[in-house]
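*Asks:* One structure follows; several queries about it will come next.
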Amino acid sequence: MIRAENLTKRYDGILALDGLTFEVHEGELLALLGPNGAGKTTTLRLLLGLISPTSGRIWIAGEPMTPGSHGLRRRIGYLPETPGFWERLPAWKNLEIYARLYGVPAPRSRVMALLEQFGLADRAHDPVATFSRGMRQRLALARALIHDPPILLLDEPTAGLDPEAALEVRERLRALKGQGRTILLCTHDLEEAERLGDRVAILRTRLLALDTPDRLRAQRFGVVVAIELDGDPEPYLPRVQGQPGVIQAALRNGRLEIQVTDLRAVTPNLVRSLVEAGAPILSVTPVKASLEELYLQIIREGRGPGESG
Amino acid sequence: MNLHRIAAVIDKEIHDALRNRYIVMLMVLLPIVFAAIPILSLTSIRQIPPSRGSSGELPPALARRLAGLPPQAQLEVFLVSQFTLLFWIAPLAIPMTIAAYSVVGEKREKALEPLLATPVTTGELLTGKALAAACPGIALSWAAYLLVVAAAHGIRLSPPALETLWGPTAWVQIFALGPLITLLATLTGLIVSSRVNDPRLAEQIGMVVILPLLGLILAQSFGILWLSGALLGVIALFLVGVDALLAALAVALFERETILTRWR
């Protein structure tokens with residue numbers, strides 16, 4: 001649905017994006033992660049044709065996207081980092097203008113239905129200047145949906161929101177994903193990325209990683225299972241190390257941490273072997289590195305010489 | 001060009017302008033002022049006894065052109081012709097203010113990025129903005145002009161003065177040159193607005209357009225030149241060309257990428 005090939009963008013000679021290639025499949029939510037200045041907003045602006053790439057190509061729903069592809073923008077709903085409303089105009093008027101720009105039939109009724117859906121109907125006639133940050137974000141999301149686009153490009157939709165408002169926006173994003181829309185979500189919130197994203201992309205001027213969080217973990221940290229015993233686990237360590245499918249085993253935090261080739265295939269045999277050896281097993285849990293650990297490791301590895309922060 | 005999208009842009013600009021107290025104040029006051037000045041001046045000269053009216057006070061070149069008319073009529077014709085020129089400037093203040101704030105204001109509100117992400121083209125966006133900025137000023141100046149015409153009939157202005165105020169030459173000035181000059185000022189304001197990040201600066205630079213107009217008014221006041229129908233026709237044609245050029249320039253100079261990425 002979205003395809004970027006070898007996208008590079010320079011601003012006055014400064015490299016903002018370097019050879020970015022990725023695809024977002026139909027109905028997929030791809031979370032784009034990266035530190036400030038990593039090129040996330042630049043990527044969204046390139047995908048929308050708001051700016052031109054220095055090199056590289058973009059396809060939206062199979063059609064090439066360029067700054068002149070005005071019609072193709074009908075397929076995309078955009079929520080920029082700062083919502084950006086006409087502050088003096090009432091909420092309904094803000095949306096109605098956009099509905100007309102997108103050529104939505106019966107714009108007024110579409111606007112009112114969306115305001116109702118986003119819990120803003122009672123404030124429809126108030127100037128946007130009087131809205132809280134959470135209300136603005138909901139309104140911005142409603143604006144991005146005004147023409148019912150199959151593709152959504154969302155730039156940090158929960159940034160700066162209080163936990164309740166952020167949760168509400170996340171619920172709406174989950175619902176939008178459930179409707180089969182293709183979503184590219186830029187976020188700094190790793191938990192949000194993991195909960196909502198089918199895949200995550202980690203960007204720092206160039207693409208550092210792109211896959212599901214679980215596969216990225218497996219690639220980076222392997223598959224690890226932790227076995228807690230009632231007592232000292234050390235005597236059982238040699239037995240575990242000799243088992244087929246075990247890559248390595250160690251004692252950590254008073255328990256056995258065993259890196260295996262395949263969680264489902266190896267774990268039952270491991271447990272059986274330990275039980276046969278009389279080990280008093282209390283718990284067996286797969287160990288998942290947090291996305292934060294994964295992200296930080298990838299970002300640190302991706303940092304160029306002399307870079308910090 | 002998609003007319004529905006242009007209409008949407010106009011609708012937005014007008015709604016936004018009507019919520020700006022400064023612009024609303026201008027919209028109310030300017031027609032009153034521009035109608036009041038000629039009406040009060042013409043009423044006051046009607047009070048002067050005919051014996052005191054003198055063509056000797058007019059610039060010599062002008063006095064020669066108006067020779068043969070009674071002194072009172074000469075004075076009235078002179079004043080009416082000056083006031084007609086005033087209606088070239090009358091529509092400018094409102095469009096200049098709206099146009100100057102148009103792009104810079106949206107950029108400041110960060111409202112330009114989502115707008116540019118819609119299917120609206122630069123041509124449609126600027127056409128909508130230019131029309132929304134120019135039309136209220138033009139309409140209000142026409143209203144002020146019609147008020148002056150009605151008042152002139154009410155105070156029984158001399159027939160030559162009435163012909164000068166309500167005749168083909170005046171119509172060309174009010175209904176053709178006024179809008180063309182307004183469009184020129186509006187497009188200048190839009191161009192400047194899309195290149196700077198301070199609306200006041202945009203307004204000030206845009207106001208430079210008024211200087212040549214003031215030059216024409218002064219030239220006619222001093223009798224250096226007389227804006228005949230033929231000369232007005234030439235000016236109108238020149239303005240059509242300049243407006244077309246400016247419109248093309250406005251679209252070419254509206255660099256979406258620069259506006260989005262370099263303005264903070």
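Heads up, the Cβ atoms here are built off N, Cα and C, so glycines get one too.
The shown structure was predicted, so the numbers you read here are calculated from the model rather than taken from an experiment.
Quick paste of what TrEMBL says about this protein:
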TRANSMEM  B:22-45  transmembrane segment
DOMAIN    B:80-219  domain 'ABC-2 type transporter transmembrane'
TRANSMEM  B:85-104  transmembrane segment
TRANSMEM  B:125-150  transmembrane segment
TRANSMEM  B:170-193  transmembrane segment
TRANSMEM  B:205-226  transmembrane segment
TRANSMEM  B:232-254  transmembrane segment
*Asks:* Count, for each of B:85-104, B:125-150, B:205-226, B:232-254, the Cβ pairs lying under 8 Å from the transmembrane segment (B:22-45), and report the range with the highest count.
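*Replies:* That would be B:125-150.
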*Asks:* Short question: which residues 6 or more past the ends of the transmembrane segment (B:205-226) have a Cβ under 8 Å from it?
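*Replies:* Contacts with the transmembrane segment (B:205-226): 58-63, 65, 81-82, 85-86, 88-89, 92, 96, 99-100, 181, 184-185, 188-189, 192-193, 196.
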*Asks:* Taking residues 6+ outside the transmembrane segment (B:125-150), which of them lie with a CB under 8 Å of any CB in it?
*Replies:* 1, 5-10, 12-14, 17, 27, 30-32, 34-35, 38-39, 83, 87, 90-96, 98-99, 102-103, 115-116, 165-166, 174-175, 178-179, 182-183, 186-187, 189-190, 247, 250-251, 254
*Asks:* Tally of helix, strand and coil residues over the domain 'ABC-2 type transporter transmembrane' (B:80-219) according to DSSP?
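*Replies:* Secondary-structure composition of the domain 'ABC-2 type transporter transmembrane' (B:80-219): 118 helix, 0 strand, 22 coil.
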